[in-house]
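Asker: Quick paste from TrEMBL:
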DOMAIN    1-72  domain 'Ig-like'
DOMAIN    82-164  domain 'Ig-like'
DOMAIN    169-256  domain 'Ig-like'
Amino acid sequence: CRCYVEDRSSKVAWLNRSGIIFAGEDKWSLDPRVELEKRNPLEYSLRIQKVDVYDEGSYTCSVQTQHHPKTSQVYLIVQVPPKISNISSDIIVNEGSNVTLVCMANGRPEPVITWRHLTPTGREFEGEEEYLEILGITREQSGKYECKAANEVASADVKQVRVTVNYPPTITESKSNEAATGRQALLRCEASAVPTPDFEWYRDDTRINSANGLEIKSTGSQSLLMVANVTEEHYGNYTCVAANKLGVTNASLYLYKRVLPTLPNPFPG
């Protein structure tokens, strides 16, 4: 806060809403952050280090000269960068649930809060303020949500929340195949689900285990049924079952017999 006097004989003081800060060279304030700044004999400025929001308000430099008293008043406005103080934890919900995300921030001026779904389209939810409500959440609405708190003082503060949406399995691919006897065969089944589905394979009503030339390999959303050496009894209908805690679904696949072409004898007789 700048203040200047007309001559060295002037009586001068700094005051704020709490009372006298300096009277002449005498410091009345107990605040160690406050000091006088006198870069020339006629300057009587007030310096406050590490300004806090509680320092905001009116400051008065009172000068009593030989001719007339005068005052100089300045109003200190304290600006504070935006800072997110509280944000929802990562959550796991079932598809169709209602979700409320919370993001609270401090700053001066009051920060503007915006939400954004971190997808390739990056939809922004303008004007949602602290709360983002998603009614009947879908699997496409899973992922990370970014909260941004911004004012004109400094760079925006940004934090993220991960929303995981559970949903029951749906078969996305079930591929039948054909194989010749004596060859290898492969049946593939893929399912979309959260949590990751468990797979089972059936032949008629009998569950298949990895044994007797059959092997099941399930990784993530895909399951493979492999036949090492196809015989006549392997041909027919198979069922792939995908299940998680929210539901179960199945698909029918078929292993067809492939007849290899026979080449004519190049040396008849």
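Each residue, glycine too, has its Cβ placed from N, Cα and C.
Automatic, uncurated: that is what TrEMBL annotation is.
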Asker: Per DSSP, how many helix, strand and coil residues does the domain 'Ig-like' (1-72) have?
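Answerer: Looking at the domain 'Ig-like' (1-72) with DSSP, the answer is 3 helix, 35 strand, 34 coil.
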Asker: Can you count helix, strand and coil residues in the domain 'Ig-like' (82-164) using DSSP?
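Answerer: Per DSSP, the residues of the domain 'Ig-like' (82-164) fall into 3 helix, 48 strand, 32 coil.
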Asker: Please list, for the domain 'Ig-like' (169-256), how many residues fall into helix, strand and coil according to DSSP.
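Answerer: For that range the per-state counts are 3 helix, 59 strand, 26 coil.
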